[in-house]
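*Asks:* First the structure, which I've put down as structure tokens, then a few questions once you've had a look.
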Number of protein chains: 2
Amino acid sequence: MATLTQKFHGLLQHPLEPLFLPKNDGTLFYDLPERFLTSRYSPIGQNLANRFGPNSPASSQVSNDTGVPPTVVTIKDLDELPDLTFATWIKRRDSFSLFNPEHRKAAGKLTKLFLDQPNADRLVDVAAYARDRLNAPLFQYALSVALLHRPDTKSVSVPSLLHLFPDQFIDPAAQVRMMEEGSIVLDENRMPIPIPMNYTATDAEPEQRMAFFREDIGVNLHHWHWHLVYPASGPPDVVRKDRRGELFYYMHQQLLARYQIDRYAQGLGRIEPLANLREPVREAYYPKLLRTSNNRTFCPRYPGMTISDVARSADRLEVRIADIESWLPRVLEAIDAGFAVSDDGVRVPLDETRGIDVLGNILERSAISINRNLYGDVHNMGHVLLAFIHDPRGTYLESSGVMGGVATAMRDPIFYRWHKFIDNIFLRNKARLAPYTMAELSNSNVTLEALETQLDRAGGAVNSFVTFWQRSQVDLRAGIDFSAAGSAFVSFTHLQCAPFVYRLRINSTARSNRQDTVRIFLLPRQNEQGRPLSFEDRRLLAIELDSFRVNLRPGMNNIVRQSSNSSVTIPFERTFGNVEQANAGNAQSRFCGCGWPAHMLLPKGNANGVEFDLFAMVSRFEDDNANVNYDENAGCDDSYAFCGLRDRVYPSRRAMGFPFDRRASNGVRSVADFVAPYKNMRLATVTLRFMNTIIDRPTN
Amino acid sequence: MATLTQKFHGLLQHPLEPLFLPKNDGTLFYDLPERFLTSRYSPIGQNLANRFGPNSPASSQVSNDTGVPPTVVTIKDLDELPDLTFATWIKRRDSFSLFNPEHRKAAGKLTKLFLDQPNADRLVDVAAYARDRLNAPLFQYALSVALLHRPDTKSVSVPSLLHLFPDQFIDPAAQVRMMEEGSIVLDENRMPIPIPMNYTATDAEPEQRMAFFREDIGVNLHHWHWHLVYPASGPPDVVRKDRRGELFYYMHQQLLARYQIDRYAQGLGRIEPLANLREPVREAYYPKLLRTSNNRTFCPRYPGMTISDVARSADRLEVRIADIESWLPRVLEAIDAGFAVSDDGVRVPLDETRGIDVLGNILERSAISINRNLYGDVHNMGHVLLAFIHDPRGTYLESSGVMGGVATAMRDPIFYRWHKFIDNIFLRNKARLAPYTMAELSNSNVTLEALETQLDRAGGAVNSFVTFWQRSQVDLRAGIDFSAAGSAFVSFTHLQCAPFVYRLRINSTARSNRQDTVRIFLLPRQNEQGRPLSFEDRRLLAIELDSFRVNLRPGMNNIVRQSSNSSVTIPFERTFGNVEQANAGNAQSRFCGCGWPAHMLLPKGNANGVEFDLFAMVSRFEDDNANVNYDENAGCDDSYAFCGLRDRVYPSRRAMGFPFDRRASNGVRSVADFVAPYKNMRLATVTLRFMNTIIDRPTN
């Protein structure tokens with residue numbers, strides 16, 4: 001009997017292989033009612049059952065070879081077949097974009113259809129009917145959101161998108177070589193197909209220095225899974241989550257800060273916000289990515305192209321630059337006036353507690369924006385305009401560029417310019433807020449006596465970070481359609497940092513045990529020319545490395561914290577875990593793919609070594625406490641910084657980014673000034689050096 | 001024992017499937033010396049032999065199913081393995097372009113290596129060694145040229161490129177659906193995958209009205225096979241063919257005239273010659289084509305892009321606009337001066353007999369240009385500049401656009417603007433030549449009493465042509481790598497004309513039987529606004545429909561000529577015939593793919609009906625006769641108009657395009673004036689009507 005996880009993972013695998021084909025490498029079968037077969041296959045239904053069903057020669061061959069008996073999922077017919085016309089206008093093999101409001105609407109309705117099913121098994125039946133009739137990414141997205149939000153499918157982990165649509169993450173040139181390797185070489189002899197580090201440009205393009213960041217598979221998976229956990233539209237209880245608007249602001253602000261820090265380290269200047277949509281876009285980007293569903297490429301943007309209004313009837317999509325230009329002044333006016341106006345005319349203050357959250361939903365825009373007509377849909381529509389710069393009217397039948405996909409947008413340099421423009425709007429609101437008071441920043445109970453880091457190996461260097469290239473492998477068999485059975489490994493090279501520990505000596509003057517929160521940030525010192533950054537610049541570029549609750553006994557406490565426990569990141573296995581592991585019900589492979597990839601915890605830095613200020617603070621738990629229980633070492637609770645906690649409020653009452661989310665009081669000229677008055681804060685100078693060597697990840 | 005044809009066709013099939021995999025649907029095996037396996041496969045050679053060799057379970061399964069015993073080609077080891085480094089720098093899965101001089105040089109050397117082999121069987125052994133080490137299209141091109149030119153491989157037909165690299169001709173979206181159909185449906189149940197007529201643009205793009213012409217598979221195959229039969233570089237006896245320079249001029253002049261005629265009929269204006277390479281290129285083109293070897297797309301050219309110098313070190317390619325701008329004035333000077341200067345300083349007259357041939361080799365440029373340094377390489381380098389407009393320095397690691405491939409260039413509207421510019425240079429030379437004299441045009445022996453056409457069916461309309469859309473199917477299994485065994489049909493829609501006959505009544509006043517040549521042209525009357533064209537315009541747009549030798553008895557001769565016998569075209573089966581037929585040694589499927597596709601014999605016209613002047617002339621054989629024997633109904637002799645005759649001189653001493661290749665004498669204001677003085681000429685008004693219906697080609 002198939003487990004619930006197996007049933008759903010079989011539905012999610014090999015998206016464009018019809019459901020009647022065996023799944024899980026030939027060991028999982030769906031016994032479908034005849035009328036569930038699509039029009040192409042129903043006339044030859046019996047023939048297909050004989051050849052691909054659980055009793056076919058091929059399947060007995062597999063069970064003999066693998067010793068795994070066939071598992072059959074019997075799909076029950078439905079009294080009434082659901083009307084799917086709200087979504088079938090998006091063709092099965094065409095592109096799907098969450099930035100397209102009409103695609104989002106169709107996804108929202110499909111999610112609702114899945115959420116409304118009385119029980120998980122009926123959901124399996126309905127999904128089995130819908131699957132081969134619908135656009136594949138649309139089906140995957142809606143089913144994944146439903147699995148994440150239905151109470152009765154909590155145990156079902158959502159496989160990483162990498163394993164469902166590898167074509168959104170890897171060089172398509174690798175896929176044809178995987179096809180050759182898989183067709184010719186026996187599984188045990190197969191070699192992983194290497195994905196080159198630089199396949200979108202040479203170093204004659206300065207921006208290519210940031211390709212390691214923009215094209216990192218983990219970073220793009222994080223972005224996809226964030227928008228999966230925090231959908232901008234869909235049924236209200238799926239969208240309305242605690243401080244989701246603020247999370248939209250904070251997650252993007254942090255990835256921009258990380259991006260900018262490494263631009264400086266690679267000798268590249270400040271991100272120029274895309275403030276004028278009518279100017280030619282200087283940066284080019286040639287994604288190379290290919291949608292294997294219809295062999296259509298994500299079109300390149302050539303140097304100096306100019307955006308024009310999008311009017312694509314086939315996509316039911318119409319976006320005017322003038323619309324964005326009319327929404328923006330109203331958002332700025334709301335910020336400068338200190339309040340926004342809801343669609344029932346109520347003034348909603350953009351204050352220090354909820355202001356940024358309200359603004360986040362307004363700007364993204366999410367379905368819970370307080371006034372969708374007045375403030376429009378700035379961020380999403382910017383993505384659309386940029387995504388179709390090469391075919392704004394659909395005249396040339398091209399699909400969107402990478403800016404049109406949540407899983408691909410971060411690959412494009414323009415993503416950062418557009419999001420910097422959005423980020424500046426948030427910062428405009430933050431700039432109106434008063435600096436934190438002494439009371440808010442101090443913690444009279446403690447003194448942070450010492451702060452240092454140490455590489456986590458015998459005699460590891462102190463206050464010294466090391467980064468390098470790591471070559472890892474991942475088996476993508478679940479996402480390659482109509483390929484040979486067995487493994488389909490690729491190897492890819494990504495940034496990695498040597499594991500380290502923080503060592504903090506905290507002296508607690510409280511008479512009894514107390515809990516406090518340790519917050520750790522990294523602040524850059526210099527720009528790309530080696531010139532010192534102002535404190536204001538440094539504050540805005542402070543990147544959160546970790547924040548965790550610490551139990552303090554009275555007196556001296558020696559806290560040692562592993563870098564791998566960061567509340568910002570998720571471990572490599574969670575980013576890249578594959579469906580097979582999930583099928584084996586392996587708890588460790590619990591899939592919440594949302595979380596900054598651990599291998600990108602630290603900026604890359606460079607070979608000369610980059611100096612940073614490591615900042616630590618022990619903040620008062622009484623002000624932090626959001627009365628929520630979570631266990632960092634279980635399930636998805638280990639990456640709340642960017643992803644919050646599933647079905648619970650954000651675990652800290654403070655503003656996200658505290659204490660650096662607010663301007664400092666006037667006298668503060670440097671980070672040393674900022675720290676000086678507070679015993680519960682401390683700085684350490686750390687040097688980050690990049691070693692330009694490739695080290696193979698140990699395959700366990 | 002495998003026939004020579006089977007041996008070579010096995011080498012040419014499934015270009016990216018290693019040679020040790022069975023060919024011909026699992027019935028043809030190459031038994032290779034161990035050291036012939038490439039480095040990836042030699043370590044597992046024995047395992048591969050067991051699984052894929054003639055004695056493998058899979059092969060006995062095939063011979064049981066098909067009743068065809070396995071055919072084994074035993075490849076003999078070579079005393080000395082050839083050094084292939086002159087070509088291995090072009091990576092196996094990368095793009096290959098005959099417009100790249102360094103690629104052409106490598107192809108020339110490989111062709112020479114193949115030509116130099118002492119016998120055909122040794123060529124099979126050398127080719128078997130080279131195949132999996134070399135760039136696939138490069139290998140195919142060189143082996144095809146060698147097969148066409150070796151005396152001992154005359155019997156081996158070169159399969160149509162469509163069956164070796166279908167990805168250069170069809171919508172790649174069809175390929176993923178072919179993969180699904182092939183993987184799931186038994187051969188006898190398989191349905192052809194339809195290729196839509198308009199997959200590169202909607203009709204919001206006016207130029208899309210000519211997509212039926214530009215993207216016609218037959219037209220592009222003709223262009224490829226022309227350059228295969230008339231390579232611009234390679235061993236001298238491969239390049240130096242009778243009047244190949246003039247053929248370069250004439251074949252392109254005729255396809256431009258056909259293109260222009262149909263532009264007028266579709267309401268599009270005159271082709272604007274691409275005279276200034278520094279101006280933005282107005283026309284956009286989004287090819288959609290995908291190189292399945294490395295999943296890299298042929299990049300689109302967006303509206304208004306500007307050409308820049310190409311400097312691509314990885315392709316060993318450097319082309320400056322300034323170079324073309326310096327070669328051109330020298331070519332024009334040579335024309336205006338009436339002579340060109342060879343590289344040993346000799347003045348070569350650009351006269352009426354050889355001038356255009358010399359100019360053709362100068363402008364293409366072919367290896368037999370009389371002065372490569374002085375006159376450069378105008379036409380090819382124009383292709384290169386346009387082909388890399390999107391990535392002139394290789395900064396973004398993109399391959400060439402369609403203008404970089406001989407099999408794909410005609411898909412792009414800019415091909416016609418560039419070739420019109422080149423054509424105008426040829427016309428400048430033609431304009432210097434004196435009009436034909438009465439003696440040259442007349443044929444005192446005959447009077448062409450009557451001329452008409454009739455649709456070739458009972459009661460067929462007279463002087464009335466009908467065109468329509470025809471849907472045909474072709475099995476592309478030989479070119480789809482690592483796909484399921486069995487058929488892989490696509491259906492595609494193309495122009496077709498209802499078959500018709502010419503009826504000529506020729507009265508011969510000679511006392512005995514005599515032979516003369518009938519030449520038939522179609523002349524448009526109006527431009528796109530319905531305004532009458534000048535005679536000079538009409539003359540330059542006269543398209544050759546047919547020319548054939550006719551045996552005249554004394555007195556009245558009633559000549560009936562089938563449209564399908566045209567000396568300009570080759571039948572559908574020759575354009576689209578597939579490798580299997582060739583393997584069956586089926587004489588009918590003799591492959592000379594060079595020849596305008598029969599289904600494009602007539603322009604499309606339009607639904608309102610377009611009036612043309614049908615011009616016929618019976619020219620004096622004594623002036624035509626080039627003393628060469630050929631039989632229209634045998635081998636490749638049926639399409640000499642554009643392709644000449646294999647290993648023989650061009651079968652007419654007249655200038656190609658006679659009598660319309662020269663300006664008329666001053667008094668001639670109309671085609672009626674032109675014909676009036678000559679009893680051996682005649683006009684008929686014909687109306688060409690397009691029926692916008694799709695008719696399925698009868699599958700025999």
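Cβ atoms here come from the backbone N, Cα and C positions, even for glycine.
What you are looking at is a predicted structure, and each value in this text was computed from that prediction instead of being measured.
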*Asks:* Going by the disulfide annotation in Swiss-Prot, which one of A:C636, A:C643 is bonded to A:C594?
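*Replies:* Disulfide partner per Swiss-Prot record: A:C643.
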*Asks:* If Swiss-Prot says A:H379, A:H383 bind Cu cation 2, which of A:H390, A:H419 does it name for the same site?
*Replies:* A:H419
*Asks:* Could you check which of the recorded positions (A:N64, A:N198, A:H379, A:N565) sits closest to A:H252 (Cu cation 1 binding site), going Cα to Cα?
*Replies:* A:H379
*Asks:* Which whole-number value in Å describes the distance between the Cα atoms of A:N445 (N-linked glycosylation site) and A:N565 (N-linked glycosylation site)?
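*Replies:* Cα to Cα, A:N445 (N-linked glycosylation site) and A:N565 (N-linked glycosylation site) are separated by 25 Å.
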*Asks:* Of all the binding-site residues given, A:H379, A:H383, which has the fewest Cβ neighbours within 10 Å once its own Cβ is left out?
*Replies:* A:H379
*Asks:* Name them in sequence order: residues not among A:H223, A:H227, A:H252 whose Cβ is within 8 Å of the mean position of the Cβ atoms defining the Cu cation 1 site.
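*Replies:* Output for this site, in sequence order: A:H222, A:W224, A:W226, A:F248, A:M251, A:L255, A:V406, A:A409, A:M410.
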*Asks:* I want the residues beyond A:H379, A:H383, A:H419 whose C-beta is within 8 angstroms of the mean position of the Cu cation 2 site's C-beta atoms, in chain order.
*Replies:* A:H252, A:V378, A:N380, A:G382, A:A409, A:F415, A:W418, A:I422
*Asks:* If you measure Cβ to Cβ, which of the recorded positions A:N295, A:H379, A:N445, A:N507, A:N565 are under 8 Å from chain B?
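*Replies:* Answer, by Cβ distance to chain B: A:N295.
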*Asks:* Nearest of the recorded positions to A:N64 (N-linked glycosylation site) by CA-CA distance, picking from A:H223, A:E364, A:H379, A:H383?
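*Replies:* Checked the recorded positions A:H223, A:E364, A:H379, A:H383; minimum Cα distance to A:N64 (N-linked glycosylation site) goes to A:H223.
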*Asks:* So of A:N295, A:N445, A:N565, which of the glycosylation sites has the fewest other Cβ atoms within 10 Å around its own Cβ?
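*Replies:* Minimum Cβ neighbour count within 10 Å, taken over the glycosylation sites A:N295, A:N445, A:N565, occurs at A:N565.
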*Asks:* Return the single residue from the disulfide-bonded residues list (A:C594, A:C636) that has the minimum number of other CB atoms within 10 Å.
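*Replies:* Among the disulfide-bonded residues A:C594, A:C636, the sparsest Cβ neighbourhood within 10 Å belongs to A:C636.
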*Asks:* Spatially, and counting Cα to Cα, which of the recorded positions is closest to A:N565 (N-linked glycosylation site)? Options: A:H223, A:E364, A:H383, A:H419.
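*Replies:* In terms of Cα distance, A:N565 (N-linked glycosylation site) lies closest to A:H223.
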*Asks:* Out of A:E364, A:H419, A:C636, which of these recorded positions is nearest A:H227 (Cu cation 1 binding site) by C-alpha distance?
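*Replies:* Closest candidate to A:H227 (Cu cation 1 binding site), judged by Cα separation, is A:E364.
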*Asks:* Within 10 angstroms of the C-beta of A:N198 (N-linked glycosylation site), what count of other C-beta atoms is obtained when all protein chains are considered?
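*Replies:* Taking every protein chain into account, the count is 15.
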*Asks:* Compare the Cα of A:C594 (disulfide bond) against each of the recorded positions A:H223, A:E364, A:H419 and report the nearest.
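*Replies:* Closest recorded candidate to A:C594 (disulfide bond) by Cα: A:H223.
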